[in-house]
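**Q** Supplied in structure tokens, the structure appears directly below.
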Amino acid sequence: MAENFSWLHRGIAEVFPQPTDAESDIESLEKRLATTDRPLRVKYGIDPTGADIHLGHSIPMRKLRGFQDAGHTAVLIIGDFTARIGDPTGKSEMRRQLTEEDVKQNAQTYLDQVRPILDFDTPGRLEVRYNSEWLSRLDLGKITELLATMTVGQMLAKEGFADRYKKENPIFLHEFLYPLMQGYDSVAIEADVELGGTDQKFNIAVGRDLQRHFGQKPQFGVLLPILIGTDGVQKMSKSLGNYVSLSEHPGQKYQKLQGVPDVLLKDYFELLTNLPIDALPENPRDRQMLLAWEIVKQYHGEQAANEAKEAAQSGGKEGAVPEFSLSNVSQFPVKLAYLLGATGLCKSTGEGKRKIQEGGVRLDGDRISDADTTFQQPDELQGRVLQVGKNKFMRLVP
């Protein structure tokens, strides 16, 4: 009986190489999966360039879980080295370089957020690797060898570089290293498959070329769609405000998701859930509510999903996130550590300071690491959500 690969094909944009009938000598990914005598090594890399992961980032993670459930080994690469360069893909200017401490903090919060998605428990199903393990050891000779595998013309054909070159915006030489370093990750972990968004095809193809260069069998590329944000127009992005963060309060998640435009619902169900598409409710409003409930359940459990639904149906503001009035603060400027004690999120200002230093405090999803963070005026805080740990939230209101 032919193996069912519906889990593989759901919600993907492209698998490459994909042999045609005239290329019967080229192996397909389905054939490799069906005939392999060992678990395939399936790579997904993520650079910890910020504190948050949103639902758009979860799409390749969910596909990675699909490979795990099929018996293969997910190799999650934390790009602690490449994050300090920054992926130039789709960027019109050079990215700010991060400090080692920035990257370390972000990496830990990424792992915390993906635990509900990936199988961390079954032996042999997950490797978490940091690419500084091998990239930090490259000497000038090896770097020269990597650079010699590509031409400047090939690099300038990459969309982001091509646009910047045309507009005479600067392109720095270290940025040319990024695709080569991502590609070398595939060599270092001997990847059989690499997952990425549709914007990563160039980088994944570089990995295939480098594997050939180093005598390895080239990996397959599995490209996944870029998720459109809750505005229904542009790709999901924190900077555009059209995102749903994995670390958000269940009520906030529910509120945002029940407002997803009708035209996007099928894509959201296909990419973010395992529900059968042909069994969805006909009424768009019912589909929105089911989507919101299902995704909150995935990350917070059924009870939290039911509570968020009930709060939304009863008109609960932002899913009943508790509120604290800033009028209770006797004077400004005010330190964040004091505010944590005043809101009851921490027992005291001292505990608030310790929580900040430990990396356990967020404001609107952004990790705060400076214990002396101070706010000059109430309007800097109005409407924002303070978070301590995973489950304590407080909305700041006038």
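Cβ coordinates come from backbone N, Cα and C, glycine included.
The feature ATP binding site is assigned by Swiss-Prot to Lys238. Marked as domain 'S4 RNA-binding' by Swiss-Prot: 334-398. The motif ''HIGH' region' annotation in Swiss-Prot covers 48-57. Here Swiss-Prot flags 235-239 as motif ''KMSKS' region'.
Surface or core, plus neighbours and distances: that's what I need for these features.
**A** Annotation for Lys238 (ATP binding site): same-chain Cβ neighbours under 8 Å, separated by at least 6 residues, are Gly50, Asp52, His54, Ser245, Gly365.
For the domain 'S4 RNA-binding' (334-398), the mean pLDDT of the prediction comes to 86.
Sequence-remote contacts of a segment are chain residues at least 6 beyond its ends whose Cβ falls under 8 Å from one of its Cβ atoms, and for the motif ''HIGH' region' (48-57) they are 78-80, 83, 86, 95, 98, 103, 105-107, 109-110, 113-114, 226-227, 229, 235-238, 243-247, 272, 295, 362, 365-367.
Residue counts of the motif ''KMSKS' region' (235-239) by helix, strand and coil are 2 helix, 1 strand, 2 coil (DSSP-based).
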**Q** Please report, as numbers and ranges, the same-chain residues at least 6 past the borders of the motif ''KMSKS' region' (235-239) whose CB is under 8 Å from any CB of it.
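**A** Same-chain contacts beyond the ends: 50, 52, 54-56, 226-229, 245, 365.
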